[in-house]
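Note sheet for the following structure.
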Amino acid sequence: MATMTAIFRTAVNWISQFADFCRTVVTDAIATFMAFPRWKKLALIVAAVTAVALLIFVDVPSVELLRQWADKAGDWFFLLYFLIYVFFTQFPIPRTFFTLMSGIFFGPLRGCLLALTATTVSAIISFVIVRHFLRDWMAPKLSHPAVAGIDERLRQRGWLSVTCLRMIAGIPFFVLNYSTAVSSIRFLPYIVATFIGSAPNTIAIVLLGDTLTGHVNPALLLVSAVLLVLGVSGLILDAKLPVRENRHSTSTQLSAPERG
């Protein structure tokens, strides 16, 4: 009972600290936005409204229509679809759709090649852009007690955390891209971990593209469940491993290429 009480108190304390951290970030973000020139504010508002309108009112093309586009485009469609995949996965749009269509359009081998390559390239682009524009703004906030330990783990063993998180299908692709970009994780471990961690789910979804018809294949559920267990187990292992004390500011340990 005493152990459970201690765990509960620790959890409540961390949640309180994290809420305070989020409040600080949101407050600073609003203050930064309000300091923008009027034209920049208007441009951001228009862009946000346009993006929401597109997501709500633009229908996703049917499989038949997409197949017609693929037939008309011929061999060029492989490159075209690669660019489409990379572009749209920069935004809060489910990557699963594009992965499924990779299998439908190009079969298992070419579909896996396209989906894995596009996933990695998309992650690189998101990482570089977000780190370049937001890392300096976010760095001072990473000393907050709620996230300082997490950030230090990402700096020292980010490859393990990212690999495990990529295995968990429920974690949005773009959220992990953005959050790791503002952390202290190094560029190369992030990219390698993204490729390795994304591979199992990506390959499974390409091979099981028939789920697009609405009939969920039990094999896909089994694969997702196994990967979820592996991912969570890896995160638990990472949490139990010790973290070396960082005596230097993490912001000084990012080389120029890693900062975008």
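Glycine too: its Cβ is placed from the backbone N, Cα and C atoms.
Some features that TrEMBL has for this protein:
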TRANSMEM  42-58  transmembrane segment
TRANSMEM  78-100  transmembrane segment
DOMAIN    93-210  domain 'VTT'
TRANSMEM  112-134  transmembrane segment
TRANSMEM  158-175  transmembrane segment
TRANSMEM  187-207  transmembrane segment
TRANSMEM  219-237  transmembrane segment
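Remark: the transmembrane segment (158-175) contacts the transmembrane segment (78-100), by the rule of 3 or more CB pairs under 8 A.
Here the transmembrane segment (78-100) has Cβ contacts under 8 Å with residues 51, 55, 60, 70, 106, 110, 114-115, 117-119, 121-122, 125-126, 169, 172-175, 202, 205-206, 209, 211-212 of the same chain, all six or more residues outside its ends.
Regional average pLDDT for the domain 'VTT' (93-210) in the model is 79.
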